[in-house]
């Protein structure tokens, strides 16, 4: 089916829904690289006008990537909950935006609606939203998950402590971990991106974090972000694995390029659930995503990069994750050129993920070949804080010396807590108070008052 | 009366010797102290300059010709630095007129070195000529093509260069994406039987060539061993990897 708008004497036609969605996307370099972007600003708005008139139900009839060709499409179609969709079934995309912003769309209503929405509906409505809409709508979506801490309560912010080291040196990793804990970071997860993939060395990293968490009774969870097959192997070998991590994308083909499919993810989740290591809940998965991955793997089927990204959230929601992290600025300027594009993409990802019922965090980040700097990240940090982001990254000094990019620092998280009054997860806040790192309000104490520092330092020095 | 001190020092500063990560930075309230904020800003400025300041081609040419190299000059299809960053596909292809001009120098070569600015002109400016000077004595018996200086170029541009010149191996010496503490890192990519359409799995790589990383002399020895291994095996990439490890082990022995 084709779509069209007339503006003055010019008629803009769009061959199909996939083309319409791509042309309606706010400008970004990845869609230009793919040859999918609108040719002019007017064509982009024409596409938005046409998209605003498309009934939401149309997305149930016209698949952007054919059902027969793609298991992610099959997942989306086969798990769609028509009863939950009913309250908005008669709306167009434009009317859906209005409704989302209205007082009728309360947190409870949005929570119940989530299983009735498909990624394509959510991507479509986000294309009609300004940044402030993306913030307000996301803020109404409360997604709470649990393993050993409670993440996503309104008014709270968690931090993934990311203590990477270029050679996986245990003492180097532990030194950064101590730094983060003393700055009150780590309530989302302590997650290492390993440089290598030797099973014995990976097992040592898992054991090291397990010892830390157990000995100091820290209400958090660990993760070693290696390929899912290595995590399954580790679980089978009796290694103490808390969360299972995997990078995922929005098409079967991009997932294949990551060496995974849905069946493998199911196997991994079952293995982690079998360990029963969560004390408060059973959200055992940690997923990472990012716009541009499908194009980068030549696996996008002519679908714009933002829609591909939201389809990845359909994969995530099938596995009830603890954390979903969009690593927004890591991919580089050929997909998101500058601070403006990175900021927009982050707000879209966060809002779309939340609408689908996912515990969204954002790696607020950039590379040195992107046209962006710390001021751009500060703006994004505050906007995501206002939007109610579940978690952000904590990297020492914002400089990841293994992955060679800039993310948010422990200081950045402290800044956001102070600026917006955001609290640690309740369990972690109690722990910080108990060991003397922070007071009951979450404000850091002088390290002189911190009883736990000598013992933590000793553990760091004996690591490896 | 002494001046007020706002900065809280971290009591675990001794742990800094365990990692290059920016730990124990101290804080003023919740925020970074002035010195640390400016140190970060300086590192980022250096990394950005590495990406954005154009390669001084004339200076590089003078360096190379001083060491006896013949040079050829080409550019990719990216017409500006902005286009180069946004369109990797343009950075992989030669301008049509440059491709035609290279054909005039076509010969029967074992190796062509392609020096590309990539994402750090600084890395190329500082290390490329020194690397070639170090590797040349190790390859005296081979037929080496004129050195090609390529601007706004990605790794794969060397494939088209190698094919046009008739070289069995193309070696791309290219500025790597700068890290915050490594604005001057040079990468080396070797491709056997270079031609349009080769993929990254068909290359071998030596990375992080810089004074604080892999020193130039060591990189040159590794590169020479890798070239000989590729000529012997008549391939590069994943298949060469094991063979190359063996060759490297032998080159390291006295």
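From the backbone N, Cα and C atoms, a Cβ is placed for every residue, glycine too.
Bear in mind that TrEMBL entries carry predicted annotations, made automatically and left uncurated.
Per TrEMBL, substrate is bound by A:160, A:161, A:162, A:288, A:363; the candidate from A:131, A:193, A:390 named for the same site is A:193. For residue A:296 (adenosylcob(III)alamin binding site), the same-chain residues lying six or more positions away in sequence with a CB closer than 8 A to its CB are A:331, A:335. Secondary structure at residue A:402 (adenosylcob(III)alamin binding site), as computed by DSSP, is coil. In this structure the C-alpha atoms belonging to residue A:288 (substrate binding site) and residue A:246 (adenosylcob(III)alamin binding site) are separated by 6 Å.
If you compare every pair of Cα atoms in A:194, A:246, A:296, A:402, the residues listed for adenosylcob(III)alamin, the longest distance is 22 angstrom. Long-range C-beta contacts of residue A:194 (adenosylcob(III)alamin binding site), restricted to its own chain and to partners at least six residues apart, with a cutoff below 8 Å, comprise A:168, A:201, A:202, A:205, A:224, A:225, A:226. In the three-state DSSP scheme, residue A:296 (adenosylcob(III)alamin binding site) falls into the helix class.
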